[in-house]
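Novice: So Swiss-Prot lists these for the protein:
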type: BINDING; residues: 12-18, 40-42, Arg305, 331-333, 413-415; note: GTP binding site
type: BINDING; residues: Asp13, Gly40; note: Mg(2+) binding site
type: BINDING; residues: Asp13, Glu14, Gly15, Lys16, Asn38, Ala39, Gly40, His41, Thr129, Arg143, Gln224, Thr239, Arg303; note: IMP binding site
type: ACT_SITE; residues: Asp13; note: active site, proton acceptor
type: ACT_SITE; residues: His41; note: active site, proton donor
type: BINDING; residues: Val299, Thr300, Thr301, Gly302, Arg303, Arg304, Arg305; note: substrate binding site
Amino acid sequence: MPAIVLIGAQWGDEGKGKATDLLGGRVQWVVRYQGGNNAGHTVVLPSGENFALHLIPSGVLTPGVTNVIGNGVVIDPGVLLSELKGLEDRGVDTSKLLISADAHLLMPYHVAIDKVTERYMGSKKIGTTGRGIGPCYQDKVARMGIRVADVLDTDQLAHKVEAALEFKNQVLVKIYNRKALDPDQVVESLLEQAEGFRHRIADARLLLNNALEAGETVLLEGSQGTLLDVDHGTYPYVTSSNPTAGGAAVGSGIGPTRIRTVLGILKAYTTRVGSGPFPTELFDESGEYLSKTGGEFGVTTGRRRRCGWFDAVIARYATRVNGITDYFLTKLDVLSSLETVPVCVGYEIDGKRTSEMPMTQSDLCRAKPVYEELPGWWEDISAAREFDDLPAKARDYVLRLEEIAGAPVSCIGVGPGRDQTIVRRDILQERA
């Protein structure tokens, strides 16, 4: 069986956890391939139980599925252990969670530098979560990072931490006037934490490719979204990794020819957290309505999300840069009771109209949305389970979004629960 990539097609928070949870019972492996605990997935089980996950793949909530934290993820050991304990305390079996030996570990000095840098930047700050994700990826690229496998060799670990702190302490003390970190204490603390996860360390590349050879299905789960990709997003207001489909192969060790389906998760309106351009952002009662009705607060940060109407320009862009084959449209139910629903079909920049993503961020910052008004619907759609159960105007909205986004809408979310989903096309069956 081929691998399936699940990606966010906007600025994150599209509902990827719901999609993974829906597919989880029909796949054998779920892999998180990038990011860290700077993002969160919310999963609501049929029982009504609500789980917020930050590092661990959403498939952990589906019995029998093997979950992998891939080499592209940066792992805060303390957060990992805390999340595991939280799941186990609620009766979740975590025995089938594995961690790639090549994933990088987020160290105390990454968090310290991230926080003081953000404060130092003041009004020029990017708006990071302050969890050390960026500094950890910086060390990875600079070839001075600490990898999961390093905890298996105490001498090697001590040498690497000491070398890293020779520089990091200079930054903390001389630039930011903070206390230096003691290498021995950092190593001792990490080794204590490693006792809680060393039995999970694995050669993930080998296991995943063996699974595909054996005919098993692997779901590659991204965090954040396309417009937060360090290469293809609204730079510099982005994350430090590649949430796009191209990052799935790199962050998991699965070759790109193994991937057949790219499922884009697309919210029926648009949100983003933090700073950066957002052409359809609303500052009126409509924005307040979307925020309140959609419960738009970050799983990880608790920050209120900025809200706006659906933006077909970024949806088409996401389709193109990810090679999206299918869309999962979420939170359609939030739009119920609106008289009309505007949809952005293009931008006007300096008097010129375009239907494509601007090449420069300065152009995107000046972009004014060009709207197409679609009729709304008043009916409660949360109990709909077939496409024909939806009101005609809701169906028309979906079909129009499908047309302007450039890929078929195969699934539709009409509520937070796993069962509150309309499946128009069976992605696993048709792509097998």
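The backbone N, Cα and C atoms fix where each Cβ goes, and this holds for glycine too.
Explain the structural surroundings of these features, please.
Specialist: In the three-state DSSP reading, Gly40 (Mg(2+) binding site) counts as coil.
Neighbour count (other Cβ atoms within 10 Å of the Cβ, all protein chains): 27 for Gln224 (IMP binding site).
Other Cβ atoms within 10 Å of the Cβ of Asp13 (Mg(2+) binding site) number 28 in total over all chains. In the three-state DSSP scheme, Asp13 (Mg(2+) binding site) is classed as coil.
DSSP gives Arg304 (substrate binding site) a strand state.
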Novice: Long-range same-chain neighbours of Val414 (GTP binding site), Cβ under 8 Å, sequence gap at least 6?
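Specialist: Listed in sequence order: Leu332, Asp333, Ile381, Ser382, Ala383, Ala384, Leu390, Gln420, Thr421, Ile422.
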Novice: Among the binding-site residues Arg304, Arg305, whose Cβ has the fewest other Cβ atoms within 10 Å?
Specialist: Arg304
Novice: Measuring Cα to Cα, tell me the gap between Gly15 (GTP binding site) and Gly40 (Mg(2+) binding site) in whole angstrom.
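Specialist: Approximately 10 Å lies between the Cα of Gly15 (GTP binding site) and that of Gly40 (Mg(2+) binding site).
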Novice: Taking the Cβ of Arg303 (IMP binding site) as the reference point, list residues of the same chain whose Cβ is under 8 angstroms away and which are at least six residues distant in sequence.
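Specialist: Listed in sequence order, they are Val273, Gly274, Phe297.
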Novice: Which has the fewest other Cβ atoms within 10 Å: Gly12, Gly15, the binding-site residues listed?
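Specialist: Looking at the binding-site residues Gly12, Gly15, the Cβ with the fewest others within 10 Å is that of Gly15.
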Novice: Taking each of the binding-site residues Asn38, Thr42 in turn and counting other Cβ atoms within 10 Å of its Cβ, which one has the fewest?
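Specialist: Candidates: the binding-site residues Asn38, Thr42. Fewest Cβ atoms within 10 Å: Thr42.
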